[in-house]
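Student: Take this structure first; my questions come after.
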Amino acid sequence: MPPATGGGLAESELRPRRGRCGPQAARAAGRDVATEAAARSPKRPARGSQRFEAAGRWALLALVTLLSFATRFHRLAEPRHICWDETHFGKMGSYYINRTFFFDVHPPLGKMLIGLAGYLSGYDGTFLFQKPGDKYEHHSYMGMRGFCAFLGSWLVPFAYLTVLDLSKSLSAALLTAALLTFDTGCLTLSQYILLDPILMFFIMAAMLSMVKYNSCANRPFSAPWWFWLSLTGVSLAGALGVKFVGLFIILQVGLNTIADLWYLFGDLSLSLVTVGKHLTARVLCLIVLPLALYTATFAVHFMVLSKSGPGDGFFSSAFQARLSGNNLHNASIPEHLAYGSVITVKNLRMAIGYLHSHRHLYPEGIGARQQQVTTYLHKDYNNLWIIKKHNTNSDPLDPSFPVEFVRHGDIIRLEHKETSRNLHSHYHEAPLTRKHYQVTGYGINGTGDSNDFWRIEVVNRKFGNRIKVLRSRIRLIHLVTGCVLGSSGKVLPKWGWEQLEVTCTPYLKETLNSIWNVEDHINPKLPNISLNVLQPSFPEILLESHMVMIRGNSGLKPKDNEFTSKPWHWPINYQGLRFSGINDTDFRVYLLGNPVVWWLNLLSIALYLLSGSIIAIAIQRGAQLPAEVAGLSQVLLRGGGQVLLGWTLHYFPFFLMGRVLYFHHYFPAMLFSSMLTGILWDTLLRLCAWGLASWPLARGIHVVGILSLLLGTAYSFYLFHPLAYGMVGPLAQDPQSPMAGLRWLDSWDF
């Protein structure tokens, strides 16, 4: 039977890579492939024909790239106001321009690049980015949007080249490019000041580089091999430097590398020295280089953000001392704690914050209806406490009284400065944590009862020692109940202003939750010392920032009435995200995938699992497949399996996450599912054309099938493009709306 029309499959797909099947098997397979190739292609193409084919390939790549850029940059300036998470990442770009320190749960590279793009395009960092809908007016925002659109535009040619290398088929690559070009969801995410296009750029760059260095396996240690291996490492650093979900592409590259090294180890034609060189090259390019670049992004981050800002309270007192404008920077405060001092007390666990109280009471049914005590991450007057003796109300700051220092083991009271209520605990249960006791503010003008008494202890110190500000790690033991003051880290409901719960735990085990230090210290009767000696080293700063980010990510829980989505919603395109506009007079942008593309991708995953399983079982049982079918089967199993692994790694981990999730988290996985669709349908259509080769029209099956998919995808984009480029007028629920007939699911809210 003649081969399928369209060609594109190189015999190299049938040839085992060096070291993967042993030298003898490789040579035998090579002879078989060469014989088959000679039978199918008795004449080598003329040199002019090869040049024409190469020019055609470059022209097609240029066309794909041009179309991608055209769709992403079309109407980029609209709407001229903040959309969705631009309020966060645009603001963080401003912080970089103003060199103001802030806290975010993601690594800094993406925001740093956004800030750099804004700075280079003339944005001065003065726009407040307060809330979605605020107009940009005269502020220059196009540089930041344009930068994100630029990186988002490269996703299409990257996917095109990846599929072309995996399948050796132009039609498969072209179909993949069309799916991503005409997907309204990818288009929308690429047009705004967001981390998603930056993250996906590095993910796809890593995938393409990995595939390219795999294809250079028969030329190890050549210049192209080193280039693609190093570029893979750079891309991995970029992906992880934008978001921690970059770990998924690192895992995929890691699995590919382990498999590659394992097969090289089994190639007896290679000496152990050569295998050691391969291992060293991968360690240098895929571990050392990414780690060095990743660390360098944090070094730049800390160097640029040198001014005090809204993120100070998430970090330790020693960290804050390095930020200019912070009250601890170049500060001088009394070294030892004394009675009458006004202090702030900070929990040593990352991202817990300061001991805090305010005039609001616990609601009815939540323990005793007394004043709330919480922890708060930001600096505030309600964080101030006065340390007093437990058995007297005299003013220790009276000049007639001598200074009396607080010592390890002393019994003290902490009086809240703003409300004059004492830190108090009793046997009522804590609001959220069972078997812990409630902590409240109690008393009038500092007068309370014995439940206000606490024994202050310095960890690992003897009785009688003075307590040092910032450096002493202290615990507060409740005198009556014997419990230890701490914070559970749980977020209180709206009645607690979504601050963190403070409890008194009867379990005396030492944990960071129950260890504190004194940070601010005001006492006019004491001499001051400089805090410069407390500034931490870079490794300490790097470690602390990661602890805070991890803690911040784990604390991203859904809030009351907050819109979230579940991972099983995502592949079926169940519900989108409103980027802008809520009524018929607003300019509305709605993040929703092109349903034709997404449902085709979902069908393709199911078909791949079925067809791939059948082929794998047939090969395992020793079935003798014709050369053309064997080649197509290898493309399906190897190339398709590689991108299916990418889809799996970028999707299923979200089922294990307890943090709040949104629809946009699926888009890296969607890139891989689109590549799988391109490979699968191209292969299936070639198999159909091969199987029906005796029919007169069999040669056209592949061409007609690919063209139908391309035209169907393009037409669906024509129908749904208002979702990405903006809609004005009646909502889709209104029968008069031009989008009414396109609301195929009731859950689509556009």
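Just so it is clear, glycine is given a Cβ too, placed from its N, Cα and C backbone atoms.
Sequence annotations record features per position, and here TrEMBL assigns domain 'MIR' to 334-390, 403-459, 464-521. What TrEMBL lists as region 'Disordered' is 1-48. Residues annotated as transmembrane segment in TrEMBL: 54-71, 142-163, 169-187, 194-213, 225-251, 258-275, 281-305, 596-619, 639-662, 669-693, 699-720.
Context for these features, please: burial, neighbours, distances.
Tutor: Across the domain 'MIR' (334-390), the prediction's mean pLDDT works out to 89.
Across the domain 'MIR' (403-459), DSSP helix (H, G, I), strand (E, B) and coil residues number 3 helix, 29 strand, 25 coil.
Nonlocal intrachain contacts for the transmembrane segment (194-213), taken as residues 6+ away from its ends with a CB within less than 8 angstroms of a stretch CB, comprise 84-86, 89, 106, 109-111, 113-114, 148-149, 151-152, 154-155, 158-159, 161-162, 165-166, 224-225, 228-229, 231-232, 235-236, 238-239, 241-243, 245-246, 249, 252-253, 256, 642, 646, 650, 664, 667-668, 671.
Listed as Cβ neighbours of the transmembrane segment (699-720) (distance under 8 Å, sequence separation of 6 or more from its ends, same chain) are residues 4-6, 171, 174-175, 178-179, 181-184, 592, 594-597, 600, 681-682, 685-686, 688-689, 692-693, 742.
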Student: Taking helix as H, G and I and strand as E and B in DSSP, count the residues of the domain 'MIR' (334-390) in helix, strand and coil.
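Tutor: Computed counts for the domain 'MIR' (334-390) are 3 helix, 28 strand, 26 coil.
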Student: With contact taken as 3 or more Cβ pairs under 8 angstroms (pairs 6 or more apart in sequence), are the transmembrane segment (639-662) and the transmembrane segment (281-305) in contact?
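Tutor: Answer no, regions not in contact.
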Student: DSSP on the domain 'MIR' (464-521): how many residues come out helix, how many strand, how many coil?
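Tutor: Final tally across the stretch: 6 helix, 27 strand, 25 coil.
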Student: Residues sitting near the transmembrane segment (281-305): Cβ under 8 Å, six or more positions beyond its termini, same chain?
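Tutor: Answer is 95-96, 99-102, 107-109, 112, 221, 226, 229-230, 232-234, 236-238, 240-241, 250, 253-254, 257, 261, 538, 541-542, 545.
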Student: Can you name the far-off residues of the same chain, 6+ from the ends of the transmembrane segment (225-251), with a Cβ under 8 Å from a Cβ of it?
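Tutor: Distal contacts: 106-110, 195, 198-199, 201-203, 205-207, 209-210, 212-213, 216-217, 219, 281-282, 285-287, 289-294, 297, 549, 553, 646, 649-650, 653, 665, 668.
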Student: Sequence-remote contacts (6 or more beyond its ends) of the transmembrane segment (596-619), Cβ cut-off under 8 Å?
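Tutor: For the transmembrane segment (596-619), the nonlocal Cβ contacts are 179, 182-183, 185, 571-573, 625, 633, 636-637, 640-641, 644, 647, 670, 673-674, 676-677, 680-681, 684, 709, 712-713, 716.
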